[in-house]
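> Here TrEMBL flags His95, His97, Glu101, His140 as Ni(2+) binding site. Among the features that TrEMBL reports, Fe(2+) binding site is placed at His95, His97, Glu101, His140.
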Amino acid sequence: MEDPRTEVIQAWYMDESDEEQRLPHHREPKEYVSFDRLNELGVLSWHLDADNYETDEELKKIRAERGYTYVDFCDLCPERMPNYEQKIKNFFEEHLHTDEEIRYCVDGSGYFDIRDENEKWIRVWVKKGGMIVLPAGMYHRFTLDSDNYIKAMRLFVGEPVWTPYNRPHDELPARKEYLDTFIKKEASNHAVNAAA
């Protein structure tokens, strides 16, 4: 049985092209990334009912379990955002946060780009109904796709702190913790598997 998340979230390794950031940037041949692989890198994901987000019991359960008390919405499109093109370029600057980044796409779609343990870019396409959590300390960037529209619910534990720390900020405790929890563990797992 296919994972229902594939309807709303897909991930793949990106090509090295400098073409327009809102294009898919698939490698040739295409190299898709599994949910298990994303999870190894610390990325959590769900497929939720975006048409009923106000009453969705699954969302309520996730919020309660993970302590997400703050919610707001971000509506990104050229018609609603002043200086849209500049803002999209700013979001595409590689950065990290000292807290999780939680985004639930309730309409539209967009790309979250993350790096694997070898610094290769993975593009995570989140569509209506997809919710992802990027761990604190993970370098990432965001852009819309060519549809130029996303309405995303932003969730946070406590009062939100949206401070982006553009790369490099490897000295931050959140970055060190991310590396220790996910990247160093992943590298040692690969070494053990290679020796087996």
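Cβ atoms are placed via backbone N, Cα and C, with glycine included.
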> Around the Fe(2+) site formed by His95, His97, Glu101, His140, which additional residues qualify by having Cβ within 8 Å of the site's Cβ center?
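Once His95, His97, Glu101, His140 are set aside, the remaining close residues are Leu96, Leu134, Met138, Tyr139, Arg141, Pro164.
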> Check each residue in the chain of His95 (Ni(2+) binding site) that is at least six apart in sequence and keep those whose C-beta is under 8 Å from its C-beta; list them in sequence order.
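Looking at Cβ-Cβ distances below 8 Å from His95 (Ni(2+) binding site), excluding near sequence neighbours, one finds Tyr139, His140, Arg141, Pro164, Tyr165, Asn166, Arg167.
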> Looking at Cβ-Cβ distances, which residues of the chain lie under 8 angstroms from His97 (Ni(2+) binding site) while being 6 or more apart from it?
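Residues satisfying the criterion: Leu134, Ala136, Gly137, Val161, Trp162, Thr163, Pro164, Tyr165, Ala174.
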> Let me know how many other Cβ atoms fall within 10 Å of the Cβ of Glu101 (Ni(2+) binding site).
21
